[in-house]
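Visitor: Submitted below is the structure of interest, expressed as C-alpha cells.
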Amino acid sequence: MKVLSLLYLLTAIPGILSDVQLQESGPGLVKPSQSLSLTCSVTGYSITSGYYWNWIRQFPGNKLEWMGYISYDGSNNYNPSLKNRISITRDTSKNQFFLKLNSVTTEDTATYYCAR
C-alpha cells in the first residue's frame, strides 16, 4: 500500500519529471523485407537512472501495440508476437535507445513512438 501511495504521490505532483522529453527519429518509409531502425533521444533524465524505455506503435484505425522495452539496467522485454524480429538497444553515452525491427511487411505499417 505504501508503494502505491508513493507512486500516486509522484504522479500527482505537477512538475515532477515534466522536463523529460523523448524524441523519435528515423526513416519515414521502409520497404518490405527491409529492417526498420529508429532512435529515441531522451533529454532531461538519464536512461540509466530508472524507468522502462518503451517502443509502441499505433496502427491505422488507432489500435496500439506495445513492442518492448529496455530498462534502466539494460535488460529487455519484448512482445512475444515480435520476439524473433525485434531488438531494443541503447547508447548510454548519448542517452538514446533504439528499435530495430527486421523483415518488415505491410502489416507493420504504423506510427512508431518511444515512451517511458
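Note that Cβ sites are derived from N, Cα and C of the backbone, with glycine treated the same way.
So Swiss-Prot says this about it:
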type	residues	note
DISULFID	Cys40-Cys114	disulfide bond
REGION	19-48	region 'Framework-1'
REGION	49-53	region 'Complementarity-determining-1'
REGION	54-67	region 'Framework-2'
REGION	68-84	region 'Complementarity-determining-2'
REGION	85-116	region 'Framework-3'
SIGNAL	1-18	signal peptide
Visitor: Which residue counts does DSSP give the region 'Complementarity-determining-2' (68-84) for helix, strand and coil?
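Guide: Summed by class, the stretch gives 3 helix, 7 strand, 7 coil.
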Visitor: Checking distant contacts: for the region 'Complementarity-determining-1' (49-53), what same-chain residues at least six beyond its ends satisfy Cβ-Cβ under 8 A?
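Guide: Distant contacts of the region 'Complementarity-determining-1' (49-53): 40, 42, 69-72, 77, 88, 90, 97, 114-116.
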Visitor: DSSP-wise, what's the residue breakdown of the region 'Framework-2' (54-67) into helix, strand and coil?
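Guide: Going through the region 'Framework-2' (54-67) residue by residue, I get 0 helix, 9 strand, 5 coil.
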Visitor: How would DSSP class Cys114 (disulfide bond) in three states?
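Guide: Where Cys114 (disulfide bond) sits, the three-state DSSP reduction gives strand.
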Visitor: Restricting attention to the region 'Complementarity-determining-1' (49-53), give the mean pLDDT.
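Guide: Across the residues of the region 'Complementarity-determining-1' (49-53) the model's pLDDT averages 98 on the 0 to 100 scale.
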Visitor: For a quick check of packing: other C-beta atoms within 10 Å of the C-beta of Cys40 (disulfide bond), how many?
Guide: 26
Visitor: Looking at Cβ-Cβ distances, which residues of the chain lie under 8 angstroms from Cys114 (disulfide bond) while being 6 or more apart from it?
Guide: Leu22, Glu24, Leu38, Cys40, Trp53, Asn54, Trp55, Ile56, Phe97, Leu99
